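Data first, discussion second: the structure below is written as structure tokens.
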Amino acid sequence: MGRLILEHTLQGHKGRIWGVAWHPKGNVFASCGEDKAIRVWSLSGNTWSTKTILSDGHKRTIREIRWSPCGQYLASASFDATTAIWSKSSGEFECNATLEGHENEVKSVSWSRSGGLLATCSRDKSVWIWEVAGDDEFECAAVLNAHTQDVKRVVWHPTKDILASASYDNTIKMFAESQLDSDWDCTATLSSHTSTVWSIDFDAEGDRLVSCSDDKTLKIWRAYHPGNDAGIATPDKQSVWKCVCTLSGQHSRAIYDVSWCKLTGLIATGCGDDGIRIFKETSDSKRDEPTFEQLTAEETAHEQDVNAVEWNPAVAGQLISCSDDGTIKIWKVAD
């Protein structure tokens, strides 16, 4: 059994902390929350400290933040219905653009692999795709109204311009740009959860997706592409996503976030029961019928709901979490 070792407990925000995001280099992270502020933290020696506080970009709670793949830009999604884009061009972080269009709370934001596209989603049930048109210029490329309820999360595929979204309507949807007319289309709907899908994450290759839900389960989905050797039909030459594994019984409340480590293959969850759990694929797992086991769990990782978990993209086995209890914690998975 592995163990989850607590390395750091950090405080600074007032009220609940909604989101944390590692910088691509792994030596900096950002956090956001109820206090309408973003904090940028960096590591010097063995100490994490706040280097910058960005407090003038939003009028309401900041729900999520994400670094661009190049690490130069930070996007923040807020309950004030806007998404702000920050960069450090002059040595200090500044808000360079504010993206408006959603009717109410923006719940999630995600950069595409190239950094050329940005996706946002909202309680208004829509997903917006923005093109980065140049210096601090963002143009709306698509407004996607495929979901019937609040959209909780958007995540880009790790290698392709395919977007996944998760919703209060219990489904996950995939979107891609049509080869014919450059319109964005919904190419797949993933239905198996019986309640809100809170979060999703792709594996390193992007052929599998993990989802977590209010129904207290984790699900693993696999993409079957046209011409696949499993004999799965692919109508309209679109990839089909099938649920190939369901993990239940480990969580006692809603699972709010999930992160699939691109370095180790481990899956981490943040739960409404205050716990963090780590899952790994078993050694005898099959491609079309994968099996996962719980490697370790920290049942009282936080004193209240765990809102976000994210694996460090550059340091294998390092995990960050944040909570309604107003703390950020950094963990290390040890053998």
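For all residues, glycine too, the Cβ spot is worked out from N, Cα and C.
As annotated by Swiss-Prot, repeat 'WD 1' applies to 12-51. Model confidence over the repeat 'WD 1' (12-51) stands at 97, taken as the mean pLDDT rounded to a whole number.
In the repeat 'WD 2' (57-96), helix, strand and coil residues by DSSP number 0 helix, 20 strand, 20 coil. Look at Swiss-Prot and you will find 57-96 tagged as repeat 'WD 2'.
What Swiss-Prot records for 101-140 is repeat 'WD 3'.
The repeat 'WD 4' annotation in Swiss-Prot covers 146-185. With helix defined as DSSP H, G or I and strand as E or B, the repeat 'WD 4' (146-185) counts 0 helix, 21 strand, 19 coil.
According to Swiss-Prot, the feature repeat 'WD 5' maps to 192-231.
Look at Swiss-Prot and you will find 250-289 tagged as repeat 'WD 6'.
Helix, strand and coil content of the repeat 'WD 7' (301-335), in residues and according to DSSP, is 0 helix, 19 strand, 16 coil. The repeat 'WD 7' annotation in Swiss-Prot covers 301-335.
For the repeat 'WD 6' (250-289), the neighbouring stretch richest in Cβ pairs under 8 Å, chosen from 12-51, 101-140, 146-185, 192-231, 301-335, is 301-335. Residues 2-11, 13-22, 24-27, 29, 31, 33, 41, 48, 256-264, 266, 268-272, 274-276, 278, 295 of the same chain lie 6 or more positions beyond the ends of the repeat 'WD 7' (301-335) yet place their CB under 8 Å from a CB of it.
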